[in-house]
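Feature list (source: TrEMBL):
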DISULFID  CYS211-CYS232  disulfide bond
DISULFID  CYS310-CYS331  disulfide bond
DOMAIN    46-158  domain 'Ig-like'
DOMAIN    165-260  domain 'Link'
DOMAIN    266-355  domain 'Link'
SIGNAL    1-15  signal peptide
Amino acid sequence: LSLLLKATLLHLASGSYHPFYNGFYYNHIMNDNGDGQDKVDYFNGAKLVVETSKDPVYSYNGANVTLPCHYRYEPDLGPKRKIRIKWSKLRDDYTKEQDVLVAIGKTYMAFGDFKGRAHLRQASRHEASLVISDVHLKDDGKYRCEVIDGLEDESDVVDLRLQGIVFPYQPPRGQYRLNFHEAEQVCQDQGAILANFNQLFQAWSEGLDWCNAGWLADGTVQYPIRLPRKPCGGVHLAPGIRSYGPRHRHLHRFDAFCFSSALKGEVFFLDRLAGMTLEEAKQSCQDAGAEIARVGQLYSAWKFLGLDRCNAGWLADGSVRYPIVTPRANCGPAEPGVRSFGFPSKGRFGVFCYRER
């Protein structure tokens, strides 16, 4: 890219344009008279329309996804024009945008974590779809497709949702020991990220009932209740998401709600007749060409791969758990789920290993 073109793309990403939002297109004409009046705008009567998918686009961790976006003129202006396109990722409250990609013609520039993973698909006339490869957990959210033609600037929003699972997490030290930043880290350590409200709400709608409050990605503290009871907000409140609102990210301490998506690999169980210590379990996974599984990987294997094992096994955080898809005698409660033995300091168990495909 020439320096001039790079500067133009960066200027476009900065959002410094102040378009007229009146639904009409203004044609930009250059004036070479040298009289200081170098720009004249003529109204040509065409309206720019931008459209994305009205339904959410679903994907999963590690996949490739296309966020559709098309634009048109009413009436049609004929041959395709050289316009500018900007894709941004929005916050849930729409107060801040993260630059994803900007383009002029067929030249584009991606930003931040999207470098090397994002490009435009312009397979048809007036298409400005965004392609994201190797989808990351943090890619979940709303994206704005913005089309700029002269002074005309129109946009629409599409929602990318990752198929995943929310699980509550407490560290070995016990309940309510994590500030916000520590909660972010423990979720990352378990192959996950802090869940957002939409993900927690979806988990609640699917049956998640948890009476301990946990951090979410926006810095609020909430918890999902299906069966109202006295210790969980009282019996007279309706089922729903209980909220403590925003909390101090350094001083206040709670648990965490983590979000994990589908796996690129597989989780499998290993055991010995006499069981294994945690260190022996880690070595057994390495000997099998794998690594000891993280909590998020076990939850994902249970939800998406149907992993069902009535044998307790070590995980990377030092906890002992086992996944049950089909409840049965001697395998815990009558509901499916991932059972936990906590963080035993002693004992010999099997191990759950994770291996990339």
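The backbone N, Cα and C atoms fix where each Cβ goes, glycine too.
Predicted automatically and left uncurated, TrEMBL annotations should be read as such.
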Rank the disulfide-bonded residues CYS232, CYS331 by how many other Cβ atoms lie within 10 Å of each Cβ and give me the one with the fewest. CYS331
Quick one: average pLDDT across the domain 'Link' (165-260), no decimals. 96
